[in-house]
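As given in TrEMBL:
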- 1-72: region 'Disordered' (REGION)
- 20-29: compositional bias 'Basic residues' (COMPBIAS)
- 30-54: compositional bias 'Low complexity' (COMPBIAS)
- 56-72: compositional bias 'Basic and acidic residues' (COMPBIAS)
- 81-116: domain 'UVR' (DOMAIN)
- 116-151: domain 'UVR' (DOMAIN)
- 159-286: domain 'ApaG' (DOMAIN)
């Protein structure tokens with residue numbers, strides 16, 4: 001039998017059999033059909049809306065913006081405070097060396113600075129409003145100060161009484177021992193402890209919480225004060241002075257004294273509060289020590 005010339009009933013070879021990949025349908029390059037473009041745009045808009053309308057996202061953005069604003073304000077206040085401290089120090093040096101022409105120039109610069117410095121200006125406006133009984137204006141200036149420099153509303157003095165033991169504190173900036181260009185600011189404070197109770201007490205230990213202008217906090221504990229553990233009898237007092245260096249031109253201190261009654265054996269100790277007070281080169285309305 002001859003097979004030549006006989007047509008086979010099997011199917012003809014396909015492109016795959018010939019070693020070529022079959023073509024598949026695909027979107028033309030560089031463009032999308034109108035229907036698909038509409039679907040993609042709708043999905044993107046939906047994602048954007050869900051992201052922007054998320055309460056959590058909005059609160060997070062607001063919090064970041066608030067922090068950035070506070071950091072910028074703090075940095076600006078730090079630069080102004082350093083300039084103010086430097087001018088005061090230069091004025092003191094010029095007066096010490098009897099360079100009165102330079103002292104007069106620096107005095108005028110300081111006056112101009114104090115008139116333009118926002119914290120000092122707002123303080124002055126608030127004080128004047130209180131004196132003139134314009135309390136609505138005083139409240140407005142106070143609120144502006146809270147936003148600009150919250151620490152500025154804290155006085156450089158404090159007064160607190162615990163179980164009849166009164167503790168008064170007053171701080172002051174010491175220009176002669178400070179070096180603003182090196183970030184060294186020196187503050188002195190004077191403390192008066194008055195025993196208004198009917199029992200004698202002894203001061204055993206002290207505890208300070210010192211916070212600088214950047215919010216860094218340090219706890220300091222010690223035995224007694226200025227090398228003593230004084231006994232304070234009723235209707236008498238004890239006073240001493242000490243100091244605190246800071247790396248920023250403003251900060252705050254607060255703490256407590258551990259004391260005990262000595263008129264009865266076995267008396268337990270108790271803590272006497274030292275109310276918060278400011279450490280500030282700008283001072284406040286009363287720079288007189290106790």
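Each Cβ is built from the backbone N, Cα and C atoms, and glycine gets one as well.
Predicted automatically and left uncurated, TrEMBL annotations should be read as such.
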Secondary structure content, the compositional bias 'Basic and acidic residues' (56-72) (per DSSP, counts of residues): 17 helix, 0 strand, 0 coil
Please compute the mean pLDDT of the model over the domain 'UVR' (116-151). 83
